[in-house]
Structures are given as C-alpha cells and as structure tokens.
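Novice: Just dropping this structure here.
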Amino acid sequence: MADEEDDSKMTAGKDQIMCEPRIIELNKGTNGFGFNVRGQVSEGGQLKSINGELYAPLQHVSAVVEGGPAHKGGVRVFDRILEVNGENVEGATHKHVVELIKKGGSHLKLVVISVSQSESEKLDSDSSSGAEYYDYSDRRVAPIAVPETRQVQCGGESYVVYNIYYNNRHICSKRYKEFSNLHTQLRREFRDFQFPKFPGKWPFHLTEQQLEGRRKGLENYMQQVCSVRVIGDSEYMQEFFEENTKKEDDSGMEVELRIMLPDNTTVIVAVQKKYKTREVYKALIKKLGLRDENAINFALFEIMDNGVERKLRRNEFPHSLYIRRYTETSDTCLTIRKWIFTLSREVAMDSDEVALNLLYHQAAEDLRTRKVKVGNKLQKLKELKDTAKNLEYLNIARTLEGYGTVTFPHCPCDARKTGHVIVAISIKNFQMNACTDQGEIEAQQHILEWKEITQFDSDTEAMAFCFEYAKGGKTRWVKIYSEFYEYMTECVQRVMQEIEWNENDGISPDVAVLPEEYKATEQPKEEATIKHNKPPSPSRTRAKSGKSTKSLPTKQTEVFSGAIEDDDL
C-alpha cells in the first residue's frame, strides 16, 4: 500500500514539473540543435490559458530529431517557448525567435512549458497562419545527380525530361516545369532559407548548349537543397521523387552519354540504357564520322580515379559506369582512345581526317602527361603545334620513347620477393621494370620478346595476369597481380592478333612508313617467321581460371643469358 502511495506521488510530481516552465540548456551538435520551431508571423495577439496561466501567443516546438541535442536535453514536441537566451518571447514573431536562436551561436538557453497534443491543437486552432523555424545547419552529402536529358513523345507533344538518379539508381524523370513547381512549393514552406539560384525560364527553343546549361543548373539546385536534411526529407521533395517511381523495366529507356574526346571536349551520344560496350561504341563512331575500316583501331575506355585509362570489356554496360562516376564527380568517365599497337597500321589511318584528329590530340595529351618521353624534340613539337601542323607533329611523336606503349601502374609480381614491377606492353616486346612497392624505379629490367611468351591467361580468383615464357631452354609461369589484370590480358591478346595480321599481310610490325626526317636513328629488326609448333609444357602450376589457357605459336629463339629468378627483378 505504501509503494502505491509513493508511485502516486512520483507521478503527480512528474506531471507537476511538466506543467510548470522549465529551463533547458543546449550545446549545438554537428547537425545543429535538432528541433524545429513553428508559430505566428505577426506580433502580439490574444492571451490564452496554458496550464491555468495566461500567456500571449507562443512559438512552439513542431519537431525534435531523435538523438539530437534537443532530444537529449529534454525538449518535447508541442513545448511552448517562453524565453530564448534570457529574453522573454511571449507574443514575439516567428522571425524574432529564430534570430534569437541563431544569435546565441553554439549555445542555447530556453525556458519552455509542456502541453499535451490535444491542448496544443486547441491552442493552434485559432491561428489561421503560422511560420516555422527549421534547422538548416543539419546537412549531409546528397548522392543525387541529373546527368542526362531525353526527348519524349507523348500525345502528339514532344518535350525534354531530365533523368534524376539517387545513389546511381534512376528514380524518376521530370520536366522543367515540374522542377519549377517544386521550387515554388519549397520557397513557400521554407521562407527563411537562402535558396540557390534556380535556372530561369526561356521563351524560345533551347539550343544544345542552353539545354546543357539548364541541366547543370537543375542538378546543382537539387544537390544543394537536398543536402539540407529538413528540406531533402520534406513531404514536397518526397512527393517529387516518388511520383514516377513505379517498378518498371526501364532498360530500353533512351539515355544520353557524354564521352570525352582526346582534346578534352565531350560529345553526347543517345543510346539505350541497356546497351553494352559494342553498341555504345558503334553509336559513338557514327556520331564522330570515323571510317568503318578504322573503327577497329579505336575503343571505348574508362578513366579511372587515379587517371589510368582502362579499355571497356565487351560485356560491360557503359551507362552504369557513367552514372556511378558522374554521381561522385559530376564528370564523365568514358573516353575514346586508340586501340592499335602496330605503327605502320596507325600511319595508314592518316588519310582519315577524324582518325588523324583523334590520334593527334591523344599524342599531345600523352606528351603532356609524360606517357611519352619528349626527349630533345620539345621545341620542334611546340613550333608544329603553334602552327597547327598536326600531321608533322604526330610523325615526330611517333618516333619518341613510349609511343604506342601501354604502361600499367606498379603492382606485385611473384618473380620478386620484395618490391613491385611496372609492366609495359608494345608491339616490340613485353617489359617488366623493377620498382619499389611505392613505384620508385629500380635498375633491374626484364624484356621478353613476343616469340618467347608461349602461353598466357588471366586468373580471376587471384586477380592476376599469368604467362609462361621459354628462355634459355627453360620455361616458367609468372603471375602479375594487378587490378588491371583483365586489361593487361586484352593488350597481350591484341598484340598477338596484330602480329598474326602483320605476318599474313607482309607488314613489318614495328617500322612505320614515315618521312625520312622523322624516322628514328635505329630501326628495330624484323621478327623471324612464326612456326606453328606446339608450345612446351609449363614447369609450374598453371593459372586457375574458368577460361581456357591461350597457347601461342613458338618462334625460333636466340640464345638467352638466363631465366627470371626470384631475385632478378
């Protein structure tokens, strides 16, 4: 019986405390104070009874973020605010209360009085209008992007929609007027928020450049407003996103991909979302006007985060790569690069103006990024570039060290106990240059002629490029562990394919027909004739892979000084 009396007293005491004004002090967290305030926009007003006391109209707490400073400090939804930082705010305007909260900086002292939900509804029933204080300091990264537009035909009307992606997933497509309506609704609700610039209307037909400018403007607007949690999570924004989010198969939807050219300009290609690499590439070369016979010598590449360019595989979906990178960087990761190792075959494309332009700008970019060593030709190249002599510039570039070579980032190799290797692949040979595990070049270098590589494969499980070589009467398997192991394998496959083409066509694999003044001082010797013999069996365990191991035709070899040992590289 005594326990029941004690419980009754405690409950009564608690109710008494909640019915009386109380002081709450808050320190601002990383996401603000964690509550919203709503109330009248005009000053003064009729006195109302709250818990038996008369008060002028009070601003009240309309929302509290769970786990935030206000929630931990004891602020409750429906609390009426009597004082802010020592100043009485009975009958004060919403704007004045907001200013006092902001003026306090990172510390806030409130005097509040709690009421029930039913009492709050009764107090608010006489108010025909009111404003609300929102905590705009609670921000986050909004993974939203508007990377593309598309033309829609509906009911005899043609118009442009903007595809909106969230976390790399297409969630809806909206017209400009729908964005404009959303902007109007948000401004009406969040009156004291400084909204970013919204792209204005244009009474005439938009050019491609104007349309692109509007797309970028809408994307910037959405990213900024959605980064403010109270706006991004508002009912207006949710309705805007959810209106068209029916679970439908949109793989056949037409999308726009921005593909970077070697001169750092971009070209827009309209393709279906479901297209793989081959279909997208066909659309690109058609847009560029590249001759069909030269299309085999170029390919689609992905620009990786570290700047390395990786050739896209046939079964990849370029649109998925594009959206993922665009959401992160607001830039395209797709580009076109040459896919040819035989110099004389590249020179044969010089009569194609489109191909020549691509080759010239890639050469200039490779020289700028030091993929190709300029040597003592810097001044001459500058003169040719300044006078727009693209072919002459290209012909000199073709004689420089590193031209026509794909060099990979340093990576581990089982031929080394410590340190890494830098792999370089050209039509001449396969090079492994020793380096530290930080990529600092060391003195050791191992060069394999293509006739010495008898088999190769890619080990998906180990993420490694594997090859068998025969040298000095010995054979050995080597594994190179690289995130680019598949691209490395493709490069070797391409070189081997070109060697076969060159032999069938009677073309020297590494000597181009250049003007005499551009030829290198020493021309490489022609390769010996390939004899299609069965390669020797490997001396080590072969790579584990679902694919069949590629066996290459052996060639007559010269005497070799020694095989690769663990300490050689």
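Just so you know, the numbers here start at 1 and follow the chain as drawn.
Placed from the backbone N, Cα and C atoms, the Cβ positions cover glycine too.
According to TrEMBL, the protein carries these features:
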COMPBIAS  518-530  compositional bias 'Basic and acidic residues'
COMPBIAS  548-559  compositional bias 'Polar residues'
DOMAIN    23-116  domain 'PDZ'
DOMAIN    140-248  domain 'PX'
DOMAIN    254-341  domain 'Ras-associating'
REGION    518-569  region 'Disordered'
Novice: Take the domain 'Ras-associating' (254-341) and average the pLDDT across it for me.
Specialist: 92
Novice: Could you count the residues of the domain 'PDZ' (23-116) that DSSP puts in helix, in strand and in coil?
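Specialist: Each residue of the domain 'PDZ' (23-116) counted once, the result is 15 helix, 37 strand, 42 coil.
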Novice: Tally of helix, strand and coil residues over the domain 'PX' (140-248) according to DSSP?
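Specialist: Output for the domain 'PX' (140-248) reads 45 helix, 28 strand, 36 coil.
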